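**Q** As annotated by TrEMBL, L-methionine binding site applies to 441, 442, 443, 494, 609. For 441, 442, 443, 609, the entry in TrEMBL reads L-homocysteine binding site. Annotated domain 'Cobalamin-independent methionine synthase MetE N-terminal' per TrEMBL: 4-318, in sequence order. The feature domain 'Cobalamin-independent methionine synthase MetE C-terminal/archaeal' is assigned by TrEMBL to 436-759. The region 'Disordered' feature in TrEMBL is assigned to 389-421.
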Ligand SMILES: CN1c2c(nc(N)[nH]c2=O)NC[C@@H]1CNc1ccc(C(=O)N[C@@H](CCC(=O)N[C@@H](CCC(=O)N[C@@H](CCC(=O)O)C(=O)O)C(=O)O)C(=O)O)cc1
Ligand SMILES: N[C@@H](CCS)C(=O)O
Ligand SMILES: [Zn+2]
């Protein structure tokens with residue numbers, strides 16, 4: 001029989017229950033026991049959903065209170081000494097690594113958090129020492145949760161981050177220079193011990209995730225698979241059967257690694273992203289190995305096209321026989337919302353087009369049956385075919401006016417009127433900014449008061465006028481605080497925005513949006529990606545009213561704030577019937593009109609955020625990357641190039657890994673770039689000198705993900721480090737990203753130190769001049 005399996009289930013619960021419980025615990029509103037009990041309730045509920053749907057192989061240890069990679073840092077006792085020395089409870093130590101800890105006399109920053117492959121999920125980077133050791137944590141979480149499931153009547157397959165991926169996704173701690181992969185010998189015995197304990201607990205098989213196999217790998221990393229998996233195979237029946245899982249790309253270029261898995265029971269591959277890898281993968285499998293065929297998309301919300309999936313599955317079954325094929329989600333479902341059933345406001349025609357996690361779980365089970373017994377699921381197959389046909393035939397997707405405008409785009413529309421030096425001279429006159437200008441990235445605290453008022457407005461409990469007045473008052477507050485802090489370029493604070501992408505999605509034609517479709521972004525933070533269902537256009541200005549009001553009450557330049565086309569695309573659920581470059585250009589044209597309207601209304605500094613530009617980069621180097629960068633950069637330029645020379649275009653990226661596509665960042669031709677830098681080595685900025693980057697840069701001087709307020713000295717030290725790589729006249733002083741997740745007292749504390757540090761350097765360099 002063909003079996004069905006799920007690689008991981010969303011953790012948050014129907015109503016973001018985990019977010020609420022975590023945040024209540026952090027605010028000292030519930031006890032540790034209550035939080036752990038809520039975690040258990042969610043795990044049991046999620047296992048039940050999968051069992052009830054008829055899924056054969058249900059994951060455990062996919063749940064995490066903050067992040068699953070962080071779980072493994074604690075599992076392998078790879079916790080840096082600065083946390084262990086605080087003698088916190090294991091749960092508080094865990095959260096301290098995830099989000100920093102500044103209470104009860106303990107003051108320790110968070111570990112670095114970065115994007116999980118090309119998704120909008122963030123993981124905590126294993127941070128390793130020169131003298132790193134590993135050992136298995138007491139009462140290991142995967143064993144504990146396996147037993148918890150077993151006691152409740154669920155036989156599960158534990159999910160682990162593989163030893164090679166764990167190390168390859170890690171980094172040396174500041175002050176250490178170890179190449180994490182050289183620590184493999186020390187990690188593998190701990191791994192084997194963990195697998196033995198799982199087997200003893202009753203686990204028949206484990207899913208070991210080695211997603212780094214989709215990357216171009218360094219020879220050292222490639223070579224690590226053999227010893228790691230041979231050691232696991234050598235443990236024989238003392239360990240569970242191993243399914244090695246890869247996702248988000250193809251692994252054909254790493255086939256030379258596959259002999260390392262000859263002792264494994266099977267291999268999982270992503271056949272949504274790369275269906276063409278099926279044939280070559282089938283040829284690589286050993287005589288008894290299983291193929292776990294990822295055909296149900298873990299990254300998008302479109303209903304599975306059963307006919308297409310069945311074609312893939314039949315090919316696999318023909319080659320291997322039904323016993324050696326598992327129907328699976330392409331990746332963990334943490335990238336999809338919990339259930340479509342919560343959506344009461346979607347137009348009825350489009351409702352039928354979607355599947356969220358709960359529905360995808362059913363799709364996996366149905367497909368597994370359909371491969372060998374189509375008659376048993378005849379009704380489901382027919383309903384699916386009808387839904388797919390309705391989607392294909394829909395008129396919603398096609399807007400001739402949008403297509404007409406796209407056909408008329410010219411190369412000249414992508415370029416500013418003059419090169420940077422000419423523009424900058426005009427901007428300098430126009431904006432009269434000091435050396436080391438200070439600014440913020442856009443958002444200020446989204447207080448519960450703001451969320452409550454927005455919720456009341458959405459429900460019709462307050463009028464549009466009342467809500468507008470409330471937003472104006474929030475903008476007034478933001479301006480007043482910036483006056484007090486003495487910042488140089490102001491922002492209006494984005495109080496009217498629920499989210500930087502959802503807000504635009506709600507104002508553009510071609511989108512639909514949801515009420516409950518939350519997806520975890522990091523820790524307790526979730527996003528509700530809008531869904532692109534058709535051609536995109538802008539029916540009316542989207543941000544002009546708020547920016548214009550903010551500028552009218554501000555004595556300093558007010559930055560207009562937009563989300564760029566690539567980010568709007570990447571952080572939405574995109575269409576799958578039209579190439580992403582086409583959708584991105586439609587977004588760019590809509591945003592171009594907004595940029596020009598802002599300028600017409602007296603906004604002369606405009607930031608167009610593109611934090612998702614890096615994340616969209618194809619995971620492997622080569623032609624695909626270049627093609628992506630071409631349309632992504634062109635879209636940004638098309639969106640921003642309609643303004644006069646004297647208008648200053650900013651862009652923002654909250655990541656520090658730009659070395660490998662620096663030419664694209666430079667090609668954006670933004671006058672000022674703000675980037676994330678506070679948690680990485682300032683020497684990453686060297687690329688700006690090496691490449692003789694002429695424009696202005698604001699490397700973030702503090703980590704906004706943590707509630708911790710850095711000291712003045714920390715700011716000065718960070719700026720000093722940056723000045724080793726950037727010219728003083730190029731350097732802007734700003735945080736890593738927006739401040740929406742912070743509280744006002746944290747923001748005021750941190751920004752007052754930031755401004756004081758900027759003034760210190762301003763004075764120092766003025767004296768030098
Ligand atoms: C910059 N980042 C972003 C990413 N992706 C995005 N789409 N947006 C981003 O900003 N990716 C990379 C990073 C990740 N960072 C963050 C930072 C912060 C959040 C965050 O704070 N998310 C919020 C939810 C935001 C939101 O949409 N809020 C809505 C709904 C608010 C709500 O919860 N309403 C309640 C009722 C109201 C009440 O009574 O309180 C409800 O619906 O139940 C809004 O403000 O209107 C979060 O809370 O997680 C995400 C990613
Ligand atoms: N302007 C946005 C950018 C986040 S990446 C903000 O400040 O929240
Ligand atoms: Zn950001």
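Note that the numbers count up from 1, one per residue, in the order the chain is shown.
Including glycine, each Cβ sits where the backbone N, Cα and C put it.
Map these features onto the structure and tell me what's around them.
**A** Look at residue 494 (L-methionine binding site): DSSP puts it in coil. All protein chains shown were included, and the count of other CB atoms within 10 Å of the CB of residue 494 (L-methionine binding site) stands at 26.
Residue 609 (L-methionine binding site) carries a strand DSSP state (E or B).
In the predicted model, residues of the domain 'Cobalamin-independent methionine synthase MetE N-terminal' (4-318) average a pLDDT of 97.
Within the same chain, residues 303, 349-350, 352-353, 509-510, 533-537, 575, 577-578, 582, 585-586, 589, 592, 634, 637-638, 640-645, 649, 669, 671, 694-695 sit at least 6 positions outside the region 'Disordered' (389-421) and bring their C-beta atoms closer than 8 Å to a C-beta of that stretch.
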**Q** Are there residues of the same chain, six or more positions away from residue 441 (L-methionine binding site), whose CB falls under 8 angstroms from its CB, and which are they?
**A** 491, 607, 609, 652, 654, 674, 704, 734, 735, 736, 737, 738, 739
**Q** Within 10 Å of the Cβ of residue 609 (L-methionine binding site), how many other Cβ atoms are there?
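**A** So the number of other Cβ atoms within 10 Å of residue 609 (L-methionine binding site) is 25.
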**Q** With the L-methionine site defined by 441, 442, 443, 494, 609, which remaining residues of that chain have Cβ atoms positioned within 8 Å of the Cβ centroid?
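**A** Close Cβ neighbours, site residues excluded: 440, 491, 500, 561, 607, 652, 737, 738, 740.
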**Q** When DSSP is mapped onto helix/strand/coil, what comes out for residue 443 (L-methionine binding site)?
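**A** Assignment for residue 443 (L-methionine binding site) reads strand.
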**Q** Near residue 442 (L-methionine binding site), which residues of its chain come within a Cβ-Cβ distance under 8 Å, counting only those 6 or more away in sequence?
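**A** When sequence neighbours closer than 6 are ignored, residue 442 (L-methionine binding site) has 491, 493, 494, 500, 559, 561, 607, 609, 652, 738 within Cβ distance under 8 Å.
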